[in-house]
Amino acid sequence: MNSSKSPGLAGFGILKNTTCHTEKKISVFFSIIFMTVGILSNSLAIAILMKAYQRFRQKSKASFLLLASSLVVTDLFGHLINGAIAVFVYASDKDWIRFNQSNILCSVFGICMVFFGLCPLFLGSVMAVERCIGVTKPIFHSTKMTSKHVKMMLTMVCLFAVLIALLPILRFRAYQIQASRTWCFYKTEHVEDWEDRFYLLLFSCLGLLALAISFLCNAVTGITLLRVKFKSQQRQGRSHHFEMIIQLLAIMCVSCICWSPFLVAMARIGINESRSKENCETIIFALRMATWNQILDPWVYILLRKAVLKNLYKITRGCCGVHIINLHMWELSSIKNSLKVAAISESPVSSKQINLQPLSSTGQ
């Protein structure tokens, strides 16, 4: 008990000599706005994804929709829990000594910050790996990447993120109140112990690794689809792949832009023992950018759908007057037809029948 209380009391020392101040009214206003917009956006995206999941139960798209729904649900709960705690802290005038005597709220806040920070990044990389397997190894994907396997992967990802978030608590290292007095995280002030550095480097390295895996898998998938598009004549069977790749690329870009500053800042703090006074405002700005990731993720699925992209194409062609893509081919490559062709092409029996047809014709 003494070892668990001492970090909390040490964290209160930051409250007296803080060098990072935030405007209460502005911060409360933006916290409420961010939380409300995030909840509404993720709720709308969940409704769209669940409707799509009910329509398309084929394996080639159902697994992706299940992973995407899990990502949006994680973002939704991140806004609900982290946003509610942040609004409470601002409304209480950031008086942690009054409502956080046992350091429980700070520990819960820190655990949620780590979990809801890493889990979406992990899910984004898993989605990229799933699409890469679905494009490069369609038969293996249709037989091995079932809904049961996808749910097991989701469980493992969530448990791993929970383990990383609970690691300081298991090691009797409580989360620390940060210099701005508005959030809790790993120790970032006067980092001297190797274990404190380890937590910061672990968080940043895992996040950057997830982004790197997403980039690599999306690059392989995109190159494979482009090669198939230019070489194969049956292009309609790959339409739904292109739609999902566009969404994955958008998620990857949003995650890289929003999370890279915060992950790099945590890595620099873990490597360097001390921070300059300007870093406090920099971290607050990077943290707010990371919060935008949970707001922009659902809009990827809301805006980058086939129906919306098709309408944007019509508007662009009408404004520019340039015939970029054959609309007749777009109609042939609808999601419904592409899923049928993908289901046939991913079946080993159908491939054998296709191979036997020339033999039978020559025999006649």
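Each residue, glycine too, has its Cβ placed from N, Cα and C.
Sequence annotations record features per position, and here TrEMBL assigns domain 'G-protein coupled receptors family 1 profile' to 41-301.
Cβ atoms under 8 Å from those of the transmembrane segment (26-50) belong to residues 65, 68-69, 72-73, 75-76, 78-80, 83-84, 86-87, 90-91, 182, 291, 294-295, 297-299, 301-302, 305 of the same chain, restricted to positions at least 6 beyond its ends. Taken from TrEMBL, the feature transmembrane segment covers 26-50 (among others).
Counting same-chain residues at least six beyond the ends of the transmembrane segment (62-90), those with a Cβ under 8 angstroms from any Cβ of the stretch are 24, 27-28, 31-32, 34-35, 38-39, 42-43, 45-46, 49-50, 52-53, 56, 96, 105, 108-109, 112-113, 116, 119-120, 123-124, 126-127, 130-131, 134, 141, 145-147, 150-151, 154, 181-183, 244, 247, 251, 294-295, 297-298, 301. Marked as transmembrane segment by TrEMBL: 62-90 (among others).
For the transmembrane segment (102-129), same-chain residues at least 6 beyond its ends with a Cβ under 8 Å from one of its own Cβ atoms are 4-5, 7-8, 11, 64, 67-68, 70-71, 74-75, 77-78, 81-82, 85, 96, 153-154, 157-158, 160-162, 164-166, 168-169, 174-177, 183-186, 203, 206-207, 209-211, 213-214, 217-218, 221, 248, 251-252, 255, 259, 290, 293-294, 297. Here TrEMBL flags 102-129 (among others) as transmembrane segment.
The transmembrane segment annotation in TrEMBL covers 150-170 (among others). Tertiary proximity for the transmembrane segment (150-170) is limited to same-chain residues at least six positions away from its ends with a CB under 8 Å from its CB atoms, namely 63, 66-67, 70, 107, 110-112, 114-115, 118-119, 122-123, 126, 130, 186, 199, 202-203, 206.
Positions annotated as transmembrane segment by TrEMBL: 198-226 (among others).
Taken from TrEMBL, the feature transmembrane segment covers 246-271 (among others).
Mean model confidence for the domain 'G-protein coupled receptors family 1 profile' (41-301) is a pLDDT of 85. Sequence-distant contacts of the transmembrane segment (198-226) (same chain, at least 6 residues past either end, Cβ-Cβ under 8 Å): 114, 117-118, 121-122, 124-125, 127-129, 131-132, 135-136, 164, 167-168, 173, 186-188, 191, 238, 241-242, 245, 248-249, 251-252, 255-256, 259-260, 263-264, 266-267, 269-271.
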